[in-house]
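Peer 1: Per TrEMBL, the features are:
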DOMAIN    12-298  domain 'Sugar phosphate transporter'
TRANSMEM  7-27  transmembrane segment
TRANSMEM  39-64  transmembrane segment
TRANSMEM  76-94  transmembrane segment
TRANSMEM  100-127  transmembrane segment
TRANSMEM  134-155  transmembrane segment
TRANSMEM  161-181  transmembrane segment
TRANSMEM  193-212  transmembrane segment
TRANSMEM  224-246  transmembrane segment
TRANSMEM  253-274  transmembrane segment
TRANSMEM  280-300  transmembrane segment
Amino acid sequence: MMINKTLFLTYVYLFIYILLSSGVILYNKWVLSPKYFNFPLPITLTMIHMAFSGAVAFFLVRVFKIVTPVKMTFEIYATCVVPISAFFASSLWFGNTAYLHISVAFIQMLKALMPVATFIMAVLCGIDKARCDVFLNMLLVSVGVVISSYGEIHFNIVGTVYQVTGIFAEALRLVLTQVLLQKKGLTLNPITSLYYIAPCSFVFLFVPWYLLEKPVMEVSQIQFNFWIFFSNAICALALNFSIFLVIGRTGAVTIRVAGVLKDWILIALSTVIFPESTITGLNIVGYAIALCGVVMYNYIKVKDVRASQLPVESIPDRITKDWKFEKKSSDIYVPDNIGDNEGSSGGNGTAFDMKIDEETPLISSSRLFHIGRTQLTNQYATGK
């Protein structure tokens, strides 16, 4: 039986995404951990990523002219790109620092809090309103994470605070993307977002690096292997483009299922590669409870987005088909609808509740592209 070529390529891209996403996270842990490569300088590692991604974007935009830059004014850059870059840099800094204190498996469990953080930030910023069904899901996720934390053998309050702070910084960055950048009508693809955001994030990271890590580098014998850091940055870049390919070929349900599968694979792999990462039964129970809340929340948001994109009279017919997983090839992945309340201004789709890999700075840049693309598409479709 001949396999459909499009379907085959979709699964290949999903496999590559899962492989690269897991690989980059494990690679970062290996580089930063004092027990392995012993480069305990997370800000420096993040700045290397920012410098590399910014340089690649510059050559693609200005030298090879493969991508055309958007019309970026100083006012837009100062009021939109700068604050977004600040929280972007903060989320990467805190997320990478967590690797020095807690295991990869426990970090993945804590990342289940991402929907909770984004929902809270969206409500506080006035672009979403509290809903009973969403609140119950958030409560379920929080209870699961608390149970998982209680069952963590090597629980470290410092690492946990760093990771949770990074999650909330990333959530605020995504909300600011909605509030600031999209209202200007800008659409950034993965390359142009790197072109504008990476250099600014590098500058923000320079201050904490100068105060916290530069003195350490001057007195300590820190090994620096060019090929290690170069290959690490290359993997992050490849991951960014793999996400871009997956977004264009799959639906919301499919990519969420792939994300859940990736998390379980990553947790299992981390216990094999890093033997000190011990998982208890309470860890698994807590994470399973949190995951149930995340899955239920994702289902609600996907259903809301699909309903909001159809004429009112066709909604009942669509609801009866909500369990259908596969979508038409033209039905591009639409992120979650954080602005689905009637009072929001034209926002029918954002990626706020997607779990972001803070360790891989290039991922979030691709998020920025499809957030803007979806937002503008919805505005044109609804006439808002």
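Backbone N, Cα and C define each Cβ position, glycine as well.
Please treat TrEMBL annotations as automatic predictions, because they have not gone through curation.
Neighbours and distances for these, please.
Peer 2: Listed by sequence, the residues of this chain that lie at least six past the ends of the transmembrane segment (39-64) yet keep a Cβ under 8 A from its Cβ atoms are 28, 31-33, 89, 92-93, 96-97, 99-100, 191-192, 194-195, 198-199, 201-202, 205-206, 208-209, 212-213, 216-217, 222-224, 229-230, 232-233, 236-237, 240, 361-362, 365.
Beyond the ends of the transmembrane segment (193-212), by six or more residues, the same chain brings 43-44, 46-47, 50-51, 53-54, 56-58, 60-61, 67, 69, 72, 77, 81-82, 84-86, 88-90, 92-93, 240, 361-362, 365-366, 368-369 to within a C-beta distance below 8 angstroms of the stretch.
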Peer 1: For the transmembrane segment (134-155), which stretch among 76-94, 100-127, 161-181 has the most Cβ pairs under 8 A?
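Peer 2: Most contacts with the transmembrane segment (134-155): 100-127.
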Peer 1: Go through 76-94, 161-181, 280-300 and flag the stretch with the largest number of C-beta pairs under 8 Å relative to the transmembrane segment (100-127).
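Peer 2: It is 161-181, which has the most Cβ pairs under 8 Å.
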Peer 1: Going along the chain, which residues at least six beyond the ends of the transmembrane segment (76-94) come within the CB cut-off of under 8 Å?
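Peer 2: Hits for the transmembrane segment (76-94): 42-43, 46, 49-50, 162-163, 165-167, 169-170, 172-173, 176-177, 180-181, 184, 186, 196-197, 200-202, 204-205, 208, 356, 358-359, 361, 364.
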Peer 1: Can you work out the mean pLDDT of the predicted model over the domain 'Sugar phosphate transporter' (12-298)?
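Peer 2: The predicted confidence over the domain 'Sugar phosphate transporter' (12-298), as a mean pLDDT, is 88.
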